[in-house]
Amino acid sequence: MTMLRPRLWTPPHDAAATKRLPALIAQLQTRLQQIVRQHQHIKFASSLAVEDMVITDIIVREQLPIEVFTLNTGALNNETQNLLRAAYEHWGISIAEYRPNEEAIDAYVAAHGKQAFYDSVALRRECCHIRKIEPLGRALSKADAWITGQRREQSTTRTALALAEQDKAHGIAKYNPLADWLETEVWAYAQMQQLPVNELYRQGYPSIGCEPCTRPVKAGEDIRAGRWWWESQDSKECGLHK
């Protein structure tokens, strides 16, 4: 007897979301312009997710003085790394890469094992700290504000996400200009502008992180169900956005 494969998540399409785009785009442009007026050295942390491609597109179109960077953890899927080249071909910009300290990775593996992040939340967070948190600190060392592509709809841990907040860990302002955007609106913009997006989206990955910590999700599941799937729902953050 042939087993039917479960239907996987697919990028959404909503005609109503497309109709809302003109007002949303104008609002996003205003939000980013206000950030530029308030700060001298702004950095945008792009995970190369579809949300981040939307923000990058506005930054480039409006010629805003915002530096775009990404954290190359050393454990990304090839499809994610390919987006750096795709971004250059689409916008003509080079996205700065910040990488983890190789000695710290080697020490972690020697002490705990190559796949220790599966063993406990603490060890997974230690891995995230080495591969993401420490490089982020270097990336933001001279910034007085940073921008993310986080949205409230993404996770139960982000439902109260503010448009603007103070990042106490780095002592600078932090902005989430897409906080109130819906998933359908993000995809409507990406499709309208034909933005480069990760090929993994078409393989059922709505939320993409490091390769060993990300898997596809079934249609109807929480969009972050494929991130650190072995952990409870309330622990599924890497620590970048405390």
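Cβ from N, Cα, C; glycine included.
On a predicted model such as this, the values are computed, not experimentally measured, just so you know.
Features reported for this protein in TrEMBL:
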- 44-216: domain 'Phosphoadenosine phosphosulphate reductase' (DOMAIN)
- Cys127, Cys128, Cys210, Cys213: [4Fe-4S] cluster binding site (BINDING)
- Cys238: active site, nucleophile (ACT_SITE)
* To do: Sort out for me which one of Cys127, Cys128, Cys210, Cys213 has the most neighbouring CB atoms within 10 A, since those are the binding-site residues we care about.
  => Cys127
* To do: Express the predicted model's confidence over the domain 'Phosphoadenosine phosphosulphate reductase' (44-216) as a mean pLDDT, rounded to an integer.
  => 97
* DSSP state at Cys128 ([4Fe-4S] cluster binding site), helix/strand/coil -> helix
* Under a three-state reduction of DSSP output, how is Cys210 ([4Fe-4S] cluster binding site) classified: helix, strand, or coil? -> strand
